Amino acid sequence: MSQFIKKNKGPLIVCGIVGGGIGFWVWKTMRECVYSTFGVNEADGYTVKRIEEAYRKLQESEECHSLLKKHFTESVKDKLKYKKTKLGGTLYDIIRSGVANLDSGVGVYAPDAESYTKFAALFDPIIDDYHGGFGPNAKHPATYFGEDKISELKDLDPEGKYILSTRIRCGRSFKGYPFNPLLSRDDYITMESKVKNVFDGLKGDSELGGTYYPLDG
């Protein structure tokens with residue numbers, strides 16, 4: 001056997017290289033079918049192609065100086081391009097806005113909460129860079145709204161000459177729903193219905209009760 005290997009070492013090496021190349025090509029071709037069959041979260045071939053095109057567009061643009069372009073390296077692309085969150089978020093959903101708007105300062109949007117961990121290889125360095133030092137192990141400070149200092153707030157318009165109205169805007173996400181990049185019309189309708197039900201329960205509250213006005217009139 002050893003004599004056979006020695007005599008045919010060259011052809012065997014060639015066969016090994018050819019076989020490996022064929023195996024790699026077959027896996028790249030079949031991986032989407034295999035992963036889909038076994039329920040593995042995996043971006044489809046069309047999405048991966050769009051990610052590749054988006055990467056080239058970013059790198060070829062001399063006018064783009066976003067944090068996305070800075071941290072979206074080829075190694076990061078190859079590491080993340082096949083990933084998909086449980087709610088369907090892909091790398092393309094994250095970078096789509098930054099690729100369409102090359103003048104963006106940051107260039108990424110999280111399509112859902114899981115994206116921050118699933119695509120941490122891209123989000124972590126961008127977040128750290130944007131905040132000038134907020135790494136993946138950094139912690140937010142304890143919540144404090146200054147409740148004990150309300151009495152120190154002064155009346156900004158004691159004679160009522162200038163301020164006609166004011167507004168407080170509160171933005172929250174829904175557990176079990178993606179963020180804006182992935183929300184459908186049906187999602188918005190369902191979420192609106194849930195919010196309206198909550199507001200209806202506040203009608204008898206003298207401080208929090210009010211009138212809900214839908215955006216569609």
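Each residue, glycine too, has its Cβ placed from N, Cα and C.
What TrEMBL says about this one:
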TRANSMEM  12-27  transmembrane segment
DOMAIN    50-132  domain 'Phosphagen kinase N-terminal'
DOMAIN    162-217  domain 'Phosphagen kinase C-terminal'
BINDING   Ser165, Thr166, Arg167, Ile168, Arg169  ATP binding site
Legend entry - Local confidence of the prediction over the domain 'Phosphagen kinase N-terminal' (50-132), expressed as mean pLDDT: 97
Legend entry - Surrounding CB atoms that lie within 10 Å of the CB of Thr166 (ATP binding site), all protein chains: 6
